[in-house]
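Engineer: Below you'll find the structure I mean.
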């Protein structure tokens with residue numbers, strides 16, 4: 001059904017992945033929050049553009065129309081408005097739900113984890129935005145996923161492009177969601193959708209094409225600032241000015257080598273108002289896997305200054321910028337790598353197995369393991385009265401437990417425990 005069970009090894013891999021991401025969020029001073037899985041349907045509808053059809057709606061439960069959350073951003077905006085919070089840096093790791101056609105090979109599911117980091121509050125331009133991009137850079141570098149690029153654009157620049165190309169304002173959002181498909185299909189197909197389905201004139205579509213195929217760095221920003229038509233558009237000019245500032249901050253962070261200003265990036269969601277970005281892995285080729293895992297974007301986000309105001313009875317706005325890490329897609333890649341390398345992942349964190357070499361020693365094992373647990377040591381024992389020592393040591397090897405604490409009659413008489421290193425078979429008496 002487009003969801004998945006995780007084996008202990010997969011769950012251990014996911015935990016390792018999540019702890020890397022969360023430790024990065026904490027390093028940047030974010031506090032954790034949690035919001036309910038269920039939201040009022042009206043909270044979610046009308047916030048996601050064409051994607052709204054993927055919301056799981058629940059039947060009327062005694063007068064309330066509810067839905068399962070589609071992402072973690074809209075619930076966060078509702079949370080800020082309800083609690084009258086105007087300033088916050090938060091992270092949230094939780095499951096979201098989409099009534100999508102699952103493509104499990106590409107890491108697309110109906111139920112999956114999202115990891116979000118957001119900065120809410122009135123700050124000077126582009127400082128929080130630059131930090132969000134730095135976070136994406138840190139996480140993708142920490143996870144050692146290979147080469148990646150973070151594409152950056154601005155909704156204001158895109159809207160300016162549409163305006164100077166003769167697109168009516170009511171068509172900006174539909175045109176945006178079509179441009180967003182440029183990473184998946186060639187310009188000819190995008191153009192024919194604009195003209196055929198979105199009703200743009202062929203001339204307008206061609207003019208848009210000249211802009212949205214541009215990408216690069218500061219050079220492209222400078223070129224557009226000199227563009228006779230675009231530089232006359234107030235909104236686009238604002239966006240380009242901010243983009244230039246953003247690149248200044250990113251160069252101070254030392255990450256511009258991985259950043260590409262890309263005019264084809266549109267991100268299909270309605271609520272973005274300024275900077276938008278998306279991180280893409282450049283190569284997933286793997287010598288051992290015939291079918292390279294194609295996962296597309298592994299992180300995305302942007303600025304959404306109008307969303308909190310939609311939930312505030314007085315329309316008070318709280319500017320926000322945030323990023324979502326595509327944990328399921330990254331998980332697919334790491335899982336394939338692990339399979340290819342043949343490496344075994346430890347499924348428990350047990351540090352020591354309490355073992356006995358002779359019969360009738362259960363009491364000694366129970367007393368010792370209780371002491372270890374009380375001291376905060378992760379310990380296990382076999383649930384048998386008189387297990388054979390070989391079987392106990394074999395269990396350590398199978399599960400990757402590094403140490404065995406052995407108590408036999410001799411050890412009890414000498415008041416010691418024999419500590420055995422399972423891998424090297426060296427023993428010390430403690």
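From the backbone N, Cα and C atoms, a Cβ is placed for every residue, glycine too.
According to TrEMBL, the feature domain 'Aminoacyl-transfer RNA synthetases class-II family profile' maps to 1-357. Per TrEMBL, L-histidine binding site is recorded for 71, 72, 73, 98, 114, 118, 267, 271, 272.
Help me picture where these features are in the structure shown.
Structural biologist: If you take the C-beta of residue 114 (L-histidine binding site) and look for same-chain residues 6 or more apart in sequence within under 8 angstroms, you find 71, 72, 92, 93, 94, 95, 96, 324, 325, 326, 327.
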Engineer: Just to confirm: which same-chain residues, 6+ apart in sequence, have a Cβ under 8 Å from the Cβ of residue 73 (L-histidine binding site)?
Structural biologist: 116, 118, 271, 304, 307, 322, 324
Engineer: Check each residue in the chain of residue 267 (L-histidine binding site) that is at least six apart in sequence and keep those whose C-beta is under 8 Å from its C-beta; list them in sequence order.
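Structural biologist: The list for residue 267 (L-histidine binding site) reads 180, 276, 278, 300, 302, given in order along the sequence.
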Engineer: Which residues, sitting 6 or more apart from residue 272 (L-histidine binding site) on the same chain, put a CB under 8 Å from its CB?
Structural biologist: 155, 302, 303, 304
